[in-house]
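Participant: Attaching a single structure in structure tokens format; questions to follow.
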């Protein structure tokens, strides 16, 4: 009979342990509410005792020991300590078990209470010994739970919300781009918002091409909208620096040929073979525009030698490194302009034979900006302060000090002259001048042809 009772105690004890493990670290939160600390202790009694005997010994033998403020009965009435849990099991005439005391006292009072438990030396009729195992900070357990749970919630939130947020953002961007799109000229051509006042424009085939360039921050594009070149494009080409940017298919080649015949195009760029401008990524757009070729070279190679644009581009890429290496290290001071002249006459617009001494000191910077649509800002020692796209020139001038000279591949307009003069710039060097009526005394204006 005793053996059967012992087995039942063992089964009950194991079951309770399993329940505590499954409950996890938050079991204290569930059972003890606002508890701050939990005292865990174990006891051993030299005889058979029951749970009420242990609880009675705890209350009885600590009564009056710690004064009225720490009396267990009063503390339990006021909720300063919770329900004392005791688990017991008997083996070989001895009783073993655990004691759990939840406490809302501070850490010092809780430690005193734990030490008081160890003074208990009898449980019922048997001698007993109690030892405190540990005091658990329930708030630390709660903090661990909060951190782990917050991670789970955040992961779920990111999985569920981010795709929806991205779609919402893209919809807003599309709406903004569509609003930025303007209609330009009598033909109401689709164009970016900077076309009316930009010194340079990019001519593309259709509305979708303009929208794609807007998406990637290029706001000076205008579409021809068909195979017939509108009069507005022809007129703009006489006043602005024009880059033709067409699709990489047969249709793009036909539009390019017509543009070169009827408009004053300065540069030619094309999408990669087989691709359209409207489907290009930002990286592909930037690469295509950086690889643009002067229109005179394209006209010569395409109409007189029968080559297509991509053959010209490959030839340029093969020869570009050797052209750059020769002038710089060996003949930088004087021979460089002499070697460059025949190449300039083939690639860039005709240059006058006589050059002023002032333009010669900017010669190497002129050669750099001719290759790309850029502007170079110089200080008094002719050191480069910055090299920026022409479209950012006006905003950059207003935010930088100590600019001595500006060299850029663009048209010198009256508006640019006024802004440059206000910022005490001494030299302004550009491709050509347009409608200049006022020349400030403190500003020297030069063109590539001078």
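Glycine too: its Cβ is placed from the backbone N, Cα and C atoms.
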Participant: Quick check on the annotations: Swiss-Prot lists region 'Disordered' for one of 320-350, 351-381, 382-412, 413-443. Which range is it?
Facilitator: 320-350
Participant: Quick one: of 205, 247, 249, which of the binding-site residues has the smallest count of other CB atoms within 10 A?
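Facilitator: Counting other Cβ atoms within 10 Å of each of the binding-site residues 205, 247, 249, the minimum falls on 249.
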Participant: What are the helix, strand and coil residue counts for the domain 'Toprim' (199-273) according to DSSP?
Facilitator: 31 helix, 18 strand, 26 coil
